[in-house]
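Visitor: Okay, here's the structure, questions in a sec.
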Amino acid sequence: MPIVIPKDLPATETLENENIFVITEHRAIHQDIRPLKIAIVNLMPKKIETETQLLRLLGNIPIQVSIDLIHPKTHHSKNISEKHLLSFYKTIDDIKNEKFDGMIITGAPVEQIAFEDVDYFQELKTIMDFSVTNVFSTLHICWGAQAALYYHYNINKNILPKKVFGVFSHHININKGTVKLLRGFDDKFYVPHSRHTEVKKEDIEKVPELEIFAESNEVGPYIIASKNGRQIFITGHPEYDANTLKSEYYRDINLGKHIEIPKNYFKNNNPREELIANWRGHANLLFSNWLNYYVYQETPYSYISI
């Protein structure tokens, strides 16, 4: 089934070249199908890149999905044109009276700043309140997960001695037969991480409403969920393209920053050799399981009932 996106969205050409079925909102109106309504709160600076990454994953399932792109109006984006935001994005004010089957809140490169000092955090709190009352299930990614754990459950982040950067092995630490989100997961799977902060396992375990579904011996908890399944927290970046960590590495090198080579990413740990992208199967399974089992099979048919 197709993913419904705004006309002329830059990601369209890339997705079509990858044989991902996309249609415009105008065409979708004439089809007698009730698509899943998904809001993507895109906090990443490279908006088009993140749009493409997420739409690729959402478009790889047999369910029609309609997308609304959301950005914080209280933040001035330096890496995207105002025209792009005006053409393709909405704000929380535009959607405050709507209901959504699902929402994705992305990461943001602000994890070394205190939450309350992030210029759009007050607006993000409004969005997170909205996600509780007007969204059936919300998937939070990296800093988005840390911000939500802080706001909803008073779990603060902790600065790491050095950046977690690379691709890391993870395992399931719960009976995966009882958790639909984990269906089909390998016993060991890989996920990219790129962050300066963490949420400690012991802090999560103090909250009875939360469960840790999967973690890494090297980088800690990875998938955390509320027991009702309506809040999912992902501490890594499964949506990343094969080249994203490489781009981040050379960006920091060119800025004169001290940055270690991303772990378990380049063959022989050598940036001059080919990279190893071994997380795409996991990423597709994670997003399809979330959409199928936590959104599609659970959300009411009528938006009013959400």
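Each Cβ is built from the backbone N, Cα and C atoms, and glycine gets one as well.
Checked Swiss-Prot, it gives:
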- C142: active site, acyl-thioester intermediate (ACT_SITE)
- H237: active site, proton acceptor (ACT_SITE)
- E239: active site (ACT_SITE)
- K163, S194, R251: substrate binding site (BINDING)
- E111: site 'Important for acyl-CoA specificity' (SITE)
- S194: site 'Important for substrate specificity' (SITE)
Visitor: What Cα-Cα separation, expressed in whole Å, is found between the residue listed as 'active site, proton acceptor' and R251 (substrate binding site)?
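Guide: Pair distance, Cα basis, whole Å: 18 Å.
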Visitor: Check the DSSP secondary structure of S194 (substrate binding site), expressed as helix, strand or coil.
Guide: strand
Visitor: Counting other Cβ atoms within 10 Å of each residue's Cβ, which of the recorded positions E111, E239 comes out lowest?
Guide: E111
Visitor: In Å, rounded, how far does the Cα of E111 (site 'Important for acyl-CoA specificity') sit from the Cα of the residue listed as 'active site'?
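Guide: Checking the Cα atoms of E111 (site 'Important for acyl-CoA specificity') and the residue listed as 'active site' gives a distance of 18 Å.
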Visitor: Neighbourhood of the substrate site (K163, S194, R251): other residues with Cβ within 8 Å of the Cβ centroid, in order?
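Guide: Sorted by sequence, the hits are F165, L245, E248, Y249, D252, I259, P262.
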Visitor: Would you measure the largest Cα separation among K163, S194, R251 for the substrate site and round it to whole Å?
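Guide: Among the residues the record ties to substrate, max Cα distance equals 15 Å.
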Visitor: Highest Cβ count within 10 Å among the recorded positions K163, H237, R251: which residue is it?
Guide: H237
Visitor: Could you tally the C-beta atoms, other than its own, that fall within 10 angstroms of the C-beta of C142 (active site, acyl-thioester intermediate)?
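Guide: Result for C142 (active site, acyl-thioester intermediate): 28 other Cβ atoms within 10 Å.
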